[in-house]
Each structure stands twice: as structure tokens, then as C-alpha cells.
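Student: Handing you this structure, nothing more for now.
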Amino acid sequence: MPLLDSFKVDHTKMQAPAVRIAKTMTTPKGDLITVFDLRFCVPNKEIMSPKGIHTLEHLFAGFMRAHLNSDEVEIIDISPMGCRTGFYMSLIGAPSERRVADAWLAAMHDILNVQDQSKIPELNIYQCGTYTEHSLSDAHATAQHVITRGIGINKNEELLLDESLLTE
């Protein structure tokens, strides 16, 4: 099986919270797609709770769209990483890492303003596969963690994993 791009960066060097351009590609029609690594937690040292990351998933996507979508940028998807240290965001366009970081920070403030679990979007048996598995307090703790630390930028050239360490 081919080695995925996300496994070609040294996770021991990643800063968090931080934005990284994980991948760019151009569609056959010429649209630029950018995939961002939005790293909330330091890999192998910190982790988001399952209920907290699930709640963030419901809140973060809408708030990021409100702060980042424009005539030049349209978010396709924001999905949690299986390792629970961040989210991947795929979008049409090529906003700068700083613009993404600013939108992310604004979204974290928005999350802190959600004061009741009943205000979490799509939190019901019809629209959520595990609608009882949420924690607004865990989502608040993660949002506060990001705000307190600030959001940096991870550069691929600084994280490139030495080829001797690559295993498939």
C-alpha cells in the first residue's frame, strides 16, 4: 500500500495548535483544492476526548465556514483525525495559513459562546450517528486550549521525515 502524505511528516516535530498545508491538487477543470492539517494537540502528548472532538466536529465546521468562506474560498469538508489530535479541512482555493489560523481562532471564540448542549447543530437521532456521545464542556476546554496557546504554522519542509524512518 502506498505511504500517505500525512505519514511523511515527523510528528515529533509538530507544534500545536498549528496550521499546515497538507496537500494541494488541481482538479481536471482547473480548480485548486487545498487540504489543511489543523493540529489542535501535540501528537503523542495530548489528545482530545471522543465526546469533545465529536462536539467540535458539529460546531467547528459551521463556524469555520462563517469565517473563511468567500468568493475565493469554499470549504468542502472538515473532518476529525483518527488520532484525535486535530482536523483535516479540504477546501476550494488557497487561503494563507495565517488567514486559516485567524478563522480558526474566531471559530474557537464562537464555540465558547455556545452555552447549552441543546444549541449544538444536528444533535438528534436523525442527523447524528451517535447523538448521545457529546460533551460541550470538553469542546469548551479544547477551544480555550487553542485560544490560550495561540495558533502557529507548521511548515512541511521543517517536518519532513528522514527517509530512513519511513516504513510502509
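Keep in mind that glycine also has a Cβ here, set from the backbone N, Cα and C atoms.
Among the features that Swiss-Prot reports, Fe cation binding site is placed at H54, H58, C128.
Any idea what these are sitting next to in the structure?
Tutor: Secondary structure from DSSP puts H58 (Fe cation binding site) in a helix. For H58 (Fe cation binding site), the number of other Cβ atoms no farther than 10 Å from its own Cβ, over all displayed protein chains, is 19.
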Student: Kindly assign C128 (Fe cation binding site) to one of the three DSSP-derived states: helix, strand or coil.
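Tutor: Once the DSSP labels are grouped into three classes, C128 (Fe cation binding site) ends up as coil.
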Student: Hey, for the Fe cation site built from H54, H58, C128, who else sits with CB inside 8 A of the CB center?
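Tutor: Surrounding the site, in chain order, are T55, E57, I120, E122, L123, T130, Y131, E133, H134.
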Student: Applying a 10 Å Cβ distance cut-off over all chains shown, what neighbour count does C128 (Fe cation binding site) have?
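Tutor: Step by step: centre on the Cβ of C128 (Fe cation binding site), count other Cβ atoms within 10 Å, giving 17.
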